[in-house]
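Trainee: Dropping a structure here in structure tokens format, bear with me for questions.
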Amino acid sequence: GPARSPLAPVSLRCRDAAPGTGNGAWSWETPWTPPSLPRNIPSSDFSWIPQGRPDLGDPPCRPFASYGSALHIALPQAPRAGQLLTLLIDYEAGEGPGVCWLSPEQTAGKQKPYMYTQGQAVLNRSFFPCFDTPSVKFTYSATVKVPEGFTAVMSATTWEKQKDNTFVFKMSQPIPSYLIALVVGDIVSADVGPRSRVWAEPCLIEAAKKEYDGVIEEFLVVGEKLFGPYVWGRYDILFMPPSFPFGGMENPCLTFVTPCLLAGDRSLVDVIIHEISHSWFGNLVTNATWGEFWLNEGFTMYAQRRISTEVYGLPYTCLEAATGRALLRQHMDATGEEHPLNKLRVVIEPGVNPDDTYNETPYEKGYCFVSYLAHLVGNQSKFDAFLQAYVNRFKFQSITADDTLGFFLEYFPELKEKGVDSIPGFEFDRWLNTPGWPPYLPDLSPGQQLMRPADELAELWAADGLNMEAIEAVDITGWRTYQLVYFLDQVLQKSPLPEGNVKRLSKMYPKISKAQNAELRLRWCQIVLKNNLEAEYSKVKDFLHSQGKQKYTLPLYRAMWGGSEATRALAMETFSATAPQLHVNVQNYVKKILGLVGAEA
Ligand code: BES
Ligand code: ZN
């Protein structure tokens, strides 16, 4: 059966949180089970605090990567089986990668400081002592006192403001440690649906409401129709400061998103659909280890595209999936297909930070594998029913791919009988354990009507002597953002273009070269760098100054560092100006790219 929490439920209580550093006490009420670890969980994933306190017991603390130590607690006497234990830990959380303290200048409003936490994958061990593994689930409650003029929000099912700026939170469903999240800042909210509101700094709230007013509920309703009840109560969205390192983070009840999503035209709403999809895949059914992260992200990509298909139709969804496939292609080209991280099941040695294994494979190869399972079933509504049964079977649990695939074969006995798990070239074992390009790709041809014009236009721009007549005959004014993104990915793939072409392209399409949309800006900057378009290097700098999302930041630094002397200088200059506002993890990854000391070991 699935890995079960050895120590659930756990209730956490925090007192006396103060700005600058937090301090408080957590209490565990733990029905004691003899100490056995869930399968495959390195013991180093348990019980970490930010700074080791060697007085806490024997054996002494062990180091984890660049931060954190194990907290060992010797019990005064051996507990009886089934005995209830309450453990009170006094601690302070200050410096540590999980808790980010922003100065007023690092916020959108530039008036007040801001703090946020980011738990995934294993950063919450620097926020509070916990069993910092996705295989353990527990409920929590928290009391957070903040200074006058600040609001606290958490990933919790209930939320109550008491006197003295004190907020009380309760998460009544069991969740893994990485989904506990807290923000304290000058934030306000506005309703955008019957169970949804947006949170943002006051200067952004208008734009935030406008972006998603009236659209969230439909995604939730379609999600429930496809995958079963939405168990988390509310679905709220919090727009983070620009340095937030992710597009979105699926903290239950309260998704955190980058302010880059405020495109003004809802064009980046796929990120919201993605995070909503985690409400079933990831947050209800959770990967038991970070080595099987594809169970979270691959199933979520599939669910996201199912919802998108229902709401926006197949052509658009295939177009979006094609841009995902292009990212997988770029990743595998950069690392080599045979790289050990290009497997769905990754071996993460104890002491290795799972975040260091992050890449496109669990997302897009995972999506292909789930699509392959659907292809084996051969009927969309039967496969949808399977997904719903899967969620229902494993909800509130943490599982491995063996559980998933075992349940698949059990649910479709006729497929099991046919031996679909061992079709040569498509063995389930090969999907999981062999690196490389996915052996099966879902058919994206329904997106051709949107992709073909973009393919053809990219072809024209890559030619030696530009056929301006043909180019001018193509009207891109009505193209959607993802059509432009797809076009730019094609141009990037063909780059460097013949001398002068990109300069002309830039003049011809200010809609692209002067875009404010972050996905377009990223691609444009990549094209500028790959084509050494020095006149527009300042756009790269401006974009990197404006936000700190990891998936935008790292590719641009890689491109700059792999380019000319001029782009290397640009990288150094930009990094020294922006480093303080980047998330510490992103800072370290950039340092690694630039060969600077202090890079993560
Ligand atoms: N859970 C991830 C973000 C994450 C992954 C944080 C690993 C920390 C470690 C989130 O759901 C995600 O995948 N976000 C994507 C959205 C995209 C795939 C639509 C992002 O941030 O780009
Ligand atoms: Zn995700």
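Backbone N, Cα and C define each Cβ position, glycine as well.
Under the heading peptide binding site, TrEMBL lists Gln118, Gly119, Gln120, Pro245, Phe246, Gly247, Gly248, Met249, Glu250, Lys549, Gln550, Lys551. The annotation Zn(2+) binding site is assigned in TrEMBL to His274, His278, Glu297. Taken from TrEMBL, the feature active site, proton acceptor applies to Glu275. Annotation comment: TrEMBL describes Tyr363 as active site, proton donor. Among the features that TrEMBL reports, domain 'Peptidase M1 leukotriene A4 hydrolase/aminopeptidase C-terminal' is placed at 449-594.
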Trainee: Compute all pairwise C-alpha distances among Gln118, Gly119, Gln120, Pro245, Phe246, Gly247, Gly248, Met249, Glu250, Lys549, Gln550, Lys551, the residues listed as binding peptide, and give the largest one in whole angstrom.
Mentor: 17
Trainee: Excluding His274, His278, Glu297 themselves, which residues in that chain have a Cβ inside 8 Å of the centre of the Cβ atoms defining the Zn(2+) site?
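Mentor: Here the non-site neighbours turn out to be Gly248, Glu250, Glu275, Ser277, Phe281, Gly282, Asn296, Thr300, Met301, Ala303, Gln304, Tyr363.
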Trainee: Are there residues of the same chain, six or more positions away from His278 (Zn(2+) binding site), whose CB falls under 8 angstroms from its CB, and which are they?
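Mentor: The list for His278 (Zn(2+) binding site) reads Glu250, Asn296, Thr300, given in order along the sequence.
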Trainee: Consider only the recorded positions Gln118, Glu297, Tyr363: which of them have a Cβ under 6 Å from an atom of ligand 2? Write none if no residue does.
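Mentor: Passing the 6 Å Cβ check against ligand 2: Glu297.
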Trainee: Once near-sequence residues are set aside, which residues in the chain of Gln550 (peptide binding site), 6 or more away, have Cβ atoms under 8 Å from its Cβ?
Mentor: Pro245, Phe246, His583, Asn585, Val586, Tyr589
Trainee: Measuring Cα to Cα, how many angstrom lie between Gln120 (peptide binding site) and His274 (Zn(2+) binding site)?
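Mentor: Rounded to the nearest whole number, the Cα-Cα distance is 16 Å.
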Trainee: Anything from the binding-site residues Gln118, Gly248, Gln550 with its Cβ under 6 A from ligand 1? List those in sequence order.
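Mentor: Checked binding-site residues vs ligand 1; flagged Gly248.
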Trainee: Using DSSP, break the domain 'Peptidase M1 leukotriene A4 hydrolase/aminopeptidase C-terminal' (449-594) down into helix, strand and coil residues and give each count.
Mentor: 109 helix, 0 strand, 37 coil
Trainee: Taking the Cβ of Gly248 (peptide binding site) as centre, how many other Cβ atoms lie within 10 Å?
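Mentor: A 10 Å sphere around the Cβ of Gly248 (peptide binding site) contains 22 other Cβ atoms.
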Trainee: What Cα-Cα separation, expressed in whole Å, is found between His274 (Zn(2+) binding site) and Gly248 (peptide binding site)?
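Mentor: One finds 8 Å between the Cα atoms of these residues.
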Trainee: Should any of the recorded positions Gln118, Gly248, Tyr363 have a Cα within 10 Å of the Cα of the residue listed as 'active site, proton acceptor', which are they?
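Mentor: So the list reads Gly248.
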Trainee: I want to check the contact list for Gln118 (peptide binding site): same chain, sequence separation of six or more, C-beta distance under 8 angstroms. What comes out?
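Mentor: Counting only residues 6 or more apart in sequence, the Cβ neighbours of Gln118 (peptide binding site) under 8 Å are Gly98, Cys100, Ala181, Phe244, Pro245, Phe246, Met249, Phe256, His583.
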